[in-house]
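Trainee: One structure coming up, written as structure tokens, with questions to follow.
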């Protein structure tokens, strides 16, 4: 036993090593694993991994087969961190079991065992194999005899030459246990050379044996014989938990035996079991305890059967059920550490301390894997490992034991400075200093020791319990803690207050959606205490942020009233006001019932359907605390715009009725229905839609609309209509009956149009008179029968082009660029339809008729004016009528010559003289050229400068008098007139507003005044035109 002062010195030394960092023993992060190194690998080294964490950082060493590896002596070994690197591995020196040791100042741990093996495959000996001679029908076994090797192998056989491998089937089998080739019944095609191919599953190296010749004997064919099992599994085969077990079975025989499997106990195979290689292999993946037992292979042919039996035994490596964990425990206390593992056979246990076997003594005992150490000392600290093992493996569990010794210390677990309780309550004052071993405690109130009595008692953990607290118990309490390493004190101040009471509690209320309400919660409390109001809604804390638009706390310091605005159905439920102080808490609850419009009805069904009715039933939904008064039904079809309220029987559905018949439905239409409930609050949410149903078929009732027609080609009667919408077709097989007859005839001609979307029908017959009237009607039908016809309407047959030309065609020259063509209309009976107008064709004498220009006039016009023509040139023209079918023949051609062009010389030397009411104009006479029209007169165009309306004065003289109020500026032009049109305009004259009694001007110099050599007032009778 170490003296207390020595233990304290040791603890202080360890604390200095750690500084402020927390000391920690080694803990493995990576441990080495079993490895197989391929002999001859290009990689010239192998690494066994080992890494541990700890503070201080661990250092490492390794053992091979239980002996330390001396890194300074063995140049082939190298440490890289904690990893062991083996350079140029050698199977003679390096094969074995490796373990890693990680050590720091707190102890040592040992890794799991890792086996290093070397995989190799040597060559077959070059030795000729003897010829195998058998009879036809006899079975044979060709031996492989693999060369020396290490590591798992796979086998195959070559027949004669590579790459012709033997294909396994019910007659031929290659054992992956022995490598031998088995042929149950030899056939002539089997004669040849057989070579065993052995492949390493680790290195992929492949070697070939010497060929074995197989020949047939000449002394006859082997007769039939019963099966002889040549490939069978061991009588007892251990199988590991979770492994894949493969049992081989193959027999020789004639005829070829059939292989079957079964369990000896008669239990069926589990679904995971697979039969492979034509039942020659039974495979059990993920082997478990229930897969253990006896298995039988039955080989059978017509000559008999043979059975091979074997037992699979289950084993499991140790697996931890309970690991050990780090423990920190006080000196002189006792340690009980239990580790438990499962496995078969049952594991045994041993313990290590700091990497070495734990030495048992009087204080240290191991029983059933559990470690007990009594009267702990600091020197018991270290790294411990529990090892569970059976013959199939072992597992390690590591943990650190820290044995601590310290004087009482309140710094890590200080006492509460203030404890508040209410009168009459029970209070416990804690006193739990950190101390190893645990400290003994005593108490003082002020300077007086606290003695135990019926209300005051000392707790086992050192705390003080006071029952039925009074005001006199208030004060300062000191806990004095002591062990063999020292003592310490802690203080708590106890405050005793009056209890909190709710003076105005919330009460049950009944409200409607949209209203607002206040739930009161007012209290009386000790003035020394702060108070907190908390509201709970249906057991959850009321969320004033998320539901801030509805919830708000109102009231003063002693009030926590809850206002709920614009109440919704979701606010219905239980409300609890929780009042908390630092000492106590009280609460009061109230139920709030919110009445709202009904919830959606449920389970809407269509119980019966006809062509125009549907009988519905439903179940009542939530009434939301207000009884349902009535129901309404809505329907929707693929053709409707949203949901529509429908007519029902009864017309008004009261709240106690849960069935109704919908009427006035369209036949053969797919409907959905939903139900809406209403109460005093209003209409609720609609139910979910019913399943889609289709009404029954019926005879159609609605004929097509907009029956009309006309147009088309020669000898056609075109009849058109608007198709009947699908929702009004009332059934399948819908179509149209088109009936027509010439006006005045009694017998109808009928035809059927089978497409419901067709909008027209064309009747063709050479006897149809163009543009003749027909009476037309269109009916409907479907598979149920014929429906009504539309009202009779008149439709005209197709037109033909007119057959006669217009008469009395004449042409008149209007100017140098215009002529007017006129004619008489053609008779209506000869128009062969509705006359649309006339087409005028014209060309000049120098052109060709084929390149003539054309102009159309609509309706019954009997003249046309042709513009943009060339002057003084002969033009030819003809006219024909046209309708929608085309144009008729042209009239006889007439000709006319356009007039000469107007003079190109404008009126010159225009002068003016103005008074306050008159303007006198003079200009020089315009003389026409030989190729121009003779001047017949003049036109004077005048307007105010602020307007666009032009007025015209016609005169046959070279002067004119304008009576004008000269109140603003005037713009004046002069043109010569001829039969060929108006000549070129003079320059514009601007006559300014008169400010003096007399003003003069001319086109040559408008700003100068030109005296006239002679002046004669001329009184003119004027004709004024407004030019556009």
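Every residue gets a Cβ built from N, Cα and C, even glycine.
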Trainee: Which stretch does Swiss-Prot mark as region 'Disordered', out of 624-653, 654-683, 684-713?
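Mentor: Within the set 624-653, 654-683, 684-713, Swiss-Prot attaches region 'Disordered' to 684-713.
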Trainee: How big is the Cα-to-Cα gap, in Å, between residue 249 (disulfide bond) and residue 431 (disulfide bond)?
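Mentor: If we compare the Cα positions of residue 249 (disulfide bond) and residue 431 (disulfide bond), the gap is 76 Å.
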Trainee: When you tally the Cβ atoms that lie within 10 Å of each candidate's Cβ, which of the disulfide-bonded residues (144, 431) has the highest tally?
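Mentor: The most densely surrounded of these disulfide-bonded residues is 431.
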Trainee: Calculate the distance in Å between the alpha carbons (Cα) of residue 144 (disulfide bond) and residue 339 (disulfide bond), and round it to a whole number.
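Mentor: Counting only the Cα atoms, the answer is 50 Å.
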Trainee: Over all shown protein chains, what is the count of other CB atoms within 10 A of the CB belonging to residue 386 (disulfide bond)?
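Mentor: If we count other Cβ atoms within 10 Å of residue 386 (disulfide bond), we arrive at 27.
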Trainee: How big is the Cα-to-Cα gap, in Å, between residue 100 (disulfide bond) and residue 386 (disulfide bond)?
Mentor: 16
Trainee: Select the closest residue to residue 521 (disulfide bond) from the following disulfide-bonded residues, measuring between CA atoms: 297, 339, 386, 479.
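Mentor: Answer for the nearest of the disulfide-bonded residues: 479.
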Trainee: Who sits close to residue 577 (disulfide bond): which same-chain residues at least 6 apart have their Cβ under 8 Å from its Cβ?
Mentor: 502, 505, 506, 519, 521, 533, 534, 535, 560, 562, 587, 588, 589
Trainee: DSSP says what for the domain 'Ig-like C2-type 2' (122-208): how many helix, strand, coil residues?
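Mentor: Going through the domain 'Ig-like C2-type 2' (122-208) residue by residue, I get 3 helix, 36 strand, 48 coil.
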Trainee: Can you work out which residues elsewhere in the same chain, 6+ from the ends of the region 'Disordered' (684-713), have a Cβ less than 8 Å from its Cβ atoms?
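Mentor: 596-602, 604-606, 609-612, 614, 616, 618, 621, 624, 634, 636, 643, 665-678, 719-724, 728-732, 734, 736, 760, 762, 776-791, 793, 795-799, 884-885.
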Trainee: Of the disulfide-bonded residues 50, 297, 479, which one has its Cα closest to the Cα of residue 386 (disulfide bond)?
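Mentor: Result: the closest of the disulfide-bonded residues to residue 386 (disulfide bond) is 50.
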